[in-house]
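Annotated features in Swiss-Prot:
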{"type": "BINDING", "residues": "His28, His261, Arg356, Ser383, His460, Asp468, Arg519", "note": "substrate binding site"}
{"type": "SITE", "residues": "His28", "note": "site 'Important for catalytic activity'"}
{"type": "BINDING", "residues": "His68, Gly115, Pro116, Leu117, Gly157, Asn186, His261, Phe436", "note": "thiamine diphosphate binding site"}
{"type": "BINDING", "residues": "Asp156, Asn186, Ile188", "note": "Mg(2+) binding site"}
{"type": "SITE", "residues": "His261", "note": "site 'Important for catalytic activity'"}
{"type": "ACT_SITE", "residues": "Glu410", "note": "active site, proton donor"}
Amino acid sequence: MFNEKDQLAIDTIRALSIDAIEKANSGHPGLPMGAAPMAYTLWTRHLNFNPQSKDFFNRDRFILSAGHGSALLYSLLHVSGSLELEELKQFRQWGSKTPGHPEYRHTDGVEVTTGPLGQGFAMSVGMALAESHLAGKFNKDQFDIVNHYTYVLASDGDLMEGISHEAASFAGHNQLDKLIVLYDSNDISLDGDLDKSFSEDTKQRFEAYGWNYILVENGNDLDEIDNAITQAKSQQGPTIIEVKTIIGFGSPNKAGSNGVHGAPLGEEERALTFKEYGLDPEKRFNVPEDVYEIFKSTMLKRANENEEAWNNMLKNYSEAYPELAEEFKLAMSGKLPNNYADALPEYDLNHSGASRADSGEIIQKLSEFVPSFFGGSADLAGSNKSNVKEAKDYNKDTPEGKNVWFGVREFAMGAAINGMAAHGGLHPYAATFFVFSDYLKPALRLSSIMGLNSTFIFTHDSIAVGEDGPTHEPIEQLAGLRAIPNMNVIRPADGNETRVAWEVALESEHTPTSLVLTRQNLPTLDVDKQTVENGVRKGAYIVFETEQQLEYLLLASGSEVNLAVEAAKELEQQGKGVRVISMPNWYAFEQQSSEYKESILPSDVTKRIAIEMASPLGWHKYVGIEGKVIGINSFGASAPGDLVVEKYGFTKENILKQVRSL
């Protein structure tokens, strides 16, 4: 089945990777040299993917979880017709389409941003979950409209990371059939021999999770690799194929050592390696025409045929199931139904509720009117109010179910919804306590880097949690999340702000959102609907102002906004001019015009106080050098929530005291 031309193609891919790294004088040649045979076999014999039709919905997804091996992926994208050779010559250079680690939406053919080890593996689980759910929802007899595989190339480092354990456990429990991991098992890590740090039995580990395990003893045996992938595709549940490889294969002096992991070979070793491959070291970035032809006649031909057949199936599906087809097409587009927001609840002045509870009510409506809405909680659904009532749970028997039981696997949960968002067809969300956002912070960061429409629900947002004490009371988390570029961090002050926050989350196509919600009840602010709508979308707005000459600004978010209003009303009775500003979303406020910012925070009013039950970090930008921040510079305490709030100075009396001191 395989011949000398296949070997030439593999060695060409190795050589392209080596040359890109040598020209950049930076990169990781070891993985591309060792893993090229498995990647080549997958792409030419199995992968249903045409880089020139990168948005085809039913394509297979290929994720290079070992993102440091990016030169391999770029070489594959070039020989398959997606990436210009000039881009390989600009590897790791400013403005190129070949950055050091693969970047989503930057290079056609890159499904997700990888590099932080383990996250690609976990995002792949999310992609397989998306495929399973959408298939369960839309497929009908004779119409497997969603039917594709998720393939992962993972390294030893990926499998050492804790997130791989969480994600593998989840995938095994849910028996995600179309998830296949190719494990580049080369017994070397960056620092040296793998047995110095990693000695577990991969077979026993993954079989304990409920995975299938296949061993390929020779990573250069194309038939053995091909047979393993074929076997994996026929099995129930996820499969890991451990492929024993030699890192830096072909390098006479560096193969099998950590010296080839993360540094260029050097000119002398490059020449020796090319001779081992039977290639001319005088030729750089050389691709024989036969190599291009192999990819045209295998991968691209297969992908084009599959896409044409699928398009015909979709046409027939649309005739047989017109309503379902329209829903499916809307899901593929990533758009929201028209007027979905009209179905969301509005709250009057008689309403008092925790923003987590208001969010829970909104979730019920979103699930009803936004069919692509899908997610779950890390074993805190009852507390986060994140489950869809009366809906089925997602599992292997009811993949169409809407409630995902992520279990106590916060990091894997965060990465999984990123994978779902990148997959497409869904508006995914995940929920946990705000203090546990630390467990999934790297996934938040990666969602922002990728510009995904992921929504993270974080409840129990402050010291008002009370009895659970400092381990469960967030302090530094708000500042940490606000520091992430391209992240909506929205802390709503009441039910109406929560409603608009959800609208912002779903409509922010290229920005993830963290919703920071209370456990305790909040009264409804006396502000008209349009003001709230515009104000939350702009990040900050005026919720109360006295008629007197403006003298003081009180800034707050979340539960402290009403406290600020109470203090302002007291100051009003004393004849003071006060404005209260709700600032639910700093990120959005920073994007507003200087004129809008000045209209909210007039520069000639310097007596300012910010009030927030969290670290004061960041607030001084808004209160200025003469202003004050009523925040928290220590950890919380265990006691009834109202008492903790009082002891930490979040009272009307303390606000008035601080105002008088200005």
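Placed from the backbone N, Cα and C atoms, the Cβ positions cover glycine too.
Features recorded in Swiss-Prot, as mapped to the structure shown.
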residue	record	DSSP class
His28	substrate binding site	coil
His68	thiamine diphosphate binding site	helix
Gly115	thiamine diphosphate binding site	coil
Ile188	Mg(2+) binding site	strand
His261	substrate binding site	coil
Ser383	substrate binding site	helix
His460	substrate binding site	coil
Asp468	substrate binding site	coil
Arg519	substrate binding site	coil
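Summarising the environment of His28 (substrate binding site), the number of other Cβ atoms within 10 Å of its Cβ, over all protein chains shown, is 27. Its Cβ placed at the centre, Pro116 (thiamine diphosphate binding site) has 19 other Cβ atoms within 10 Å. The recorded positions examined here are Glu410, Asp468; by Cβ neighbour count within 10 Å, the least packed of them is Asp468. Residues Asp156, Asn186, Ile188 make up the record's Mg(2+) site, and a Cβ search at 8 Å around their centroid adds Ser155, Asp184, Ser185, Asp187, Ser189, Leu194, Thr245, Ile247, His261 from the same chain. Within the group of binding-site residues (Leu117, Ile188), the Cβ with the highest number of other Cβ atoms inside 10 Å belongs to Ile188. Using a 10 Å Cα-Cα cut-off around Asn186 (thiamine diphosphate binding site), the recorded positions Asp156, Glu410, His460 reduce to Asp156. When the alpha carbons of His28 (substrate binding site) and Leu117 (thiamine diphosphate binding site) are compared, the span between them is 14 angstrom. The Cβ neighbour count for Arg356 (substrate binding site), using a 10 Å radius over every protein chain in view, is 24.
Taking only the Cα positions, the spacing between Leu117 (thiamine diphosphate binding site) and Ile188 (Mg(2+) binding site) is 15 angstrom. Per-site Cβ counts within 10 Å over the binding-site residues Asn186, Ser383 peak at Asn186. Taking the binding-site residues Gly115, Gly157, His261, His460 in turn and counting surrounding C-beta atoms within 10 angstroms, the largest count is reached at His460. Reported as a whole number, the C-alpha separation between His261 (substrate binding site) and Ile188 (Mg(2+) binding site) equals 8 Å. For His460 (substrate binding site), the nearest neighbour among the listed binding-site residues (His68, Pro116, Asp156), judged by C-alpha distance, is Pro116. Considering only the binding-site residues Ile188, Arg356, Ser383, Asp468, Arg519, His68 (thiamine diphosphate binding site) has Ile188 as its nearest partner by CA-CA distance.
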